[in-house]
Amino acid sequence: MTTVSTAAASGPAVPPPRIDPDVPAKVAARNLNFYYGQHHALKNINLSIAANRVTAFIGPSGCGKSTLLRIFNRMYDLYPGQRVEGRVLLDDTDILDPKLDLNLLRARVGMVFQKPTPFPMTIYENIAFGIRLYEKLPKSEMDSRVEKALRDGALWTEVKDKLNASGLSLSGGQQQRLCIARTVAVRPEVILFDEPCSALDPISTAKVEELIDELKTHYTIAIVTHNMQQAARVSDYTSFMYLGEMIEFGPTDKLFTSPSDRRTQDYITGRFG
């Protein structure tokens, strides 16, 4: 993996214009390009993700939306043969700086994946494990942090009497909420959701969507989803991506009711995708 910062060539990093000038940008991408080998997966992406809002990324499979999400916490570093150009700012921190401590970055930018991935340990330890990576707490404080995380994950009342049970013993929906609780336990600033409900039943999906709406009070959220109805329900802003390009980005209500680009209109009305 090679990271190329364009700061020297393009001057100071000036984030793209915000959709809502009254809402500060938490994450901003500027002239972002990403390559898998010779494949140009993301093409000149420019956007600002508003703080304490939910931004959804929609588009057909292979359009680059999950790739973009993984750039925000440098998950792509785990794979060889990839290259990124441009700037991505988390507040004033350049996420693409090769000298950046990735452990600290991933504490600031947490991620919840498509399939629930609880650790093969107790419910309590699923939460405490991540906290211990960054903080050394006495038992009483750790207990309080675990409880708060499980409450934030809307799971506490369901598991408070079985914290020593395996996280793998929970239902699929509970496991996903455990993963969300595990993510918020380390107190991130941004949470990335990559198709978090695709493996869940409608009832579990509704619980996760309700939780996302509650979490944006304290966190900036970006979500990738193939479910356009879900994007319309949970997000404040939506980006439509196609063939590695960001075709349209704006307030969710406007994008779904009066899109500016014909390709967006064709996608949301089911003409392709």
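Using N, Cα and C of the backbone, Cβ positions are placed for all residues, glycine too.
When the ranges 1-20, 61-80, 101-120, 141-160 are checked against Swiss-Prot, the one recorded as region 'Disordered' is 1-20. Each residue in the domain 'ABC transporter' (27-268) has a pLDDT score, and their mean in this model is 96. Other C-beta atoms found within 10 angstroms of the C-beta of LYS65 (ATP binding site) number 28, with every protein chain shown included. Of the listed binding-site residues GLY59, GLY62, GLY64, the Cβ environment within 10 Å is emptiest of other Cβ atoms at GLY62.
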